[in-house]
Each structure stands twice: as C-alpha cells, then as structure tokens.
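Written out below as structure tokens is the structure these notes cover.
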Amino acid sequence: MEPGLCVAELLGLFLCVGAWVCTLTTTILPQWLTLSTELLQTESYQLGLWETCVVQDLGGIECRPYDSMLGLPGDIRLARILMCVAVATGLLGLLVPIPGLTYMNCCNGRGGKRTKRLLRVLGGAFSFLAGIICLVPVSYMAHLTVLKFWDDTVPDIVPRWEFGEALFCGWTAGFLHIVGGIVLASSHFCYEEESDSIAPTSLEMQALNNTSQARMAYV
C-alpha cells in the first residue's frame, strides 16, 4: 500500500469537509449584500437569502425573516434553491467516499478495491458538482450587484448594494469543493500501479507451482 495514496484521500476528504462548512455558512449568513447610506451613517443594512438585517454602530442588530418565498425576488429565490442543492450535494460528496477510504474496514472482500475506487470517484464527482452549483448563485448575485451599482439611470444620491462577506465565503466554498473533488477522485489512480504489480506476481507463483508439480510427477 503506497503512503501517498492515503495522503491524497485524506487531503481530498479534508478539503470536502472545509468546502461543505463554507457552503453551509454561506447559505445561512445574511451578509450576501450590504448597504450603507450617508443619511444614516450609524446604520447599515444586510441582505441574505433568509432574512434582512439592520446593523447599528453601537453593536445592535435586528433581523427580520422574509414573509413568503413566493414574494421574493427571482434572484433571491433562485439563489436559495441552488444553495440548498449545493449543501445536499456537498454532503453526499463528503459521506459517500468515507467507506472507500483505504483504512476503513469495509468492502474488503472480492472486488473490494474496485468498490472503494468507485466510492471515492463518486464522492469526488458529487463534490465537484456541488462546487459548480455553489458558484452559480454566488456569481450571479455578484453580477447583478455590479450591474445595478454602475447603472447610469440611477441617481448618484441613491444608495446601492455592495458585496457582502457571504459572497466571498461562497467563492471559497466553490473553489474548495472543486479542488477537493478532483483530489479525491484522482486518488484511485494510485491503485493501478499496485494492481499491475500484483498481477505478474500471481502469474509467477502459478508458474512456479506448475513447475514444481511437473518435477514431482517426473520423479
């Protein structure tokens, strides 16, 4: 068993764990967009997928959840759905490859190595897909924010939304999901060298046994 194999597996799984935590944090955080005005410099506003908040400089914060999902703007509704799908897909990418790890005492029977490889590749695929799904709503919200910020039809005195911390956390989550999925799925290539080295050894042992039996029959 090559030590590099376990390192690749654990690294990919560690990245998937960090990516899933960042995805869940991005989904929950209300700081998707932030807004501050010159008229009320002591207050700022935060827009999230589940609630809007008013933050005061003295440390107070008041949040109000959305009344109805059907009454939400299309971009918020789409981002909420896609982020929930990304959380679920990322969780599958985290749980599916665990039985396929080298040191796990399961799938050790006939064809166990092939099953372990399949579980790791499937987990990497789920993680990669979760990264793509996570990047779509985050980048789309950022794109709309940039368009509205530089809209010439809106007077300059009108306050405009800007990027919040949740967007940067979402980009980090998508990047970690993609890298973790690639590392986890590519760890199965380490088995090919091991399998190729075992196959000639088995053939040689069989040839030696046949030679020994032939010699005994001759004697």
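A Cβ is built for glycine as well, from the same backbone N, Cα and C atoms used for every other residue.
It should be emphasised that the depicted structure is a prediction, and the values quoted were computed from it without experimental measurement.
Database features, via TrEMBL:
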TRANSMEM  12-33  transmembrane segment
TRANSMEM  78-98  transmembrane segment
TRANSMEM  118-143  transmembrane segment
TRANSMEM  163-185  transmembrane segment
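Taking Cβ pairs closer than 8 Å, the transmembrane segment (12-33) reaches residues 46-53, 63, 79-80, 83-84, 86-87, 90-91, 93-94, 97-98, 101, 120, 123-124, 127, 130-131, 134, 138, 141, 145, 161-167, 169-170, 172-174, 176-177, 179-185, 187 in its own chain, all 6 or more past its ends. Here the transmembrane segment (163-185) has Cβ contacts under 8 Å with residues 8-9, 11-16, 18-20, 22-23, 25-26, 29-34, 46-48, 83, 86, 90, 93, 97, 120-121, 123-132, 134-135, 137-139, 141-142, 145 of the same chain, all six or more residues outside its ends.
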